[in-house]
Amino acid sequence: MIVCLDSGNTRIKWGVHDGVKWLAQGAVAHAEVGALSRLVAEWPLPEKVMLANVAGVEAGSRIREQLAAWAPVFHEVRPELRRCGVTNLYKSPERLGVDRWCALLGARSLVDSATVVVMAGTATTIDTLDADGNFLGGVIMPGIGLMLRSLAHGTAALPFADGEYATYPRCTDDAIVTGVIDAQAGAIERIFSRLDDPAASCLLSGGYAEQIAVHLVVRHRLADNLPLEGLRHLALKS
């Protein structure tokens, strides 16, 4: 049994895998890290525990403390130059965010063609894999929630919008929501167009993925918890 933990900016996503399929997945807020103890109560000792952590040393330590008696050895993943069919062409490969690295590995395990890999969470990352598995690079932009909050907090007159997407928005809340979603979808489509590959696809994961996906005009599909898929793939290949 493999346990995969993706410690992100907002939540800790977890998954239990038996080598063939996911048995369970879930998420807890960092403030509720104690809830991870239910893994100890509900599951037998794992063969491997895989951890990807972008939330800092303290967050990683709290996770380890909760699971120490049950999983004394953690395999904490670091970005590498080459692994599982992905070549990391970042200027300094080790400085790529481990969440992005795991998402790329997860995407490559699901699709062997050129792929735009989108993680739509607190931040939105849009990364490109070519058909040979080379990570060409990517962009980081504020996620939907951050964009909405920045307009509410950074202006005197604009609210925290609770509007709906509209082709031609005719109220302020709709105008804000539409602008934010169009910014996200437009960035994805712009980067997708650079691939110039008729077989290319786009994978979207993260809390805002579905909200963006319905407005995309490029070939795409949703993929649950791509970083967990990457951790799973690493565990099975190592």
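Here the Cβ of each residue, glycine as well, is placed from N, Cα and C on the backbone.
A coil conformation is recorded for GLY8 (ATP binding site) in the three-state DSSP classification, outside any helix or strand. Annotation comment: Swiss-Prot describes ASP6, SER7, GLY8, ASN9, THR10, ARG11, ILE12, LYS13, THR122 as ATP binding site.
Annotation comment: Swiss-Prot describes TYR90, GLY97, VAL98, ASP99, ARG100, THR172 as substrate binding site. Non-local contacts of ASP99 (substrate binding site) by the CB criterion (under 8 A, 6+ apart in sequence, same chain) comprise ASP6, GLY8, ALA52, VAL54, MET119, THR125, PRO227.
Positions annotated as active site, proton acceptor by Swiss-Prot: ASP99. ASP99 (substrate binding site) falls within a helical segment according to DSSP.
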Chain-internal residues near VAL98 (substrate binding site), provided their CB is under 8 angstroms and they sit 6+ positions away: ALA52, ASN53, VAL54, VAL77, ARG78, PRO79
Site with most surrounding Cβ atoms, counting all protein chains shown within 10 Å, from the binding-site residues TYR90, ARG100, THR122, THR172: ARG100
Sparsest Cβ surroundings (other CB atoms within 10 Å) among the binding-site residues GLY8, GLY97: GLY97
Rounded inter-Cα distance in Å - GLY97 (substrate binding site), THR122 (ATP binding site): 14
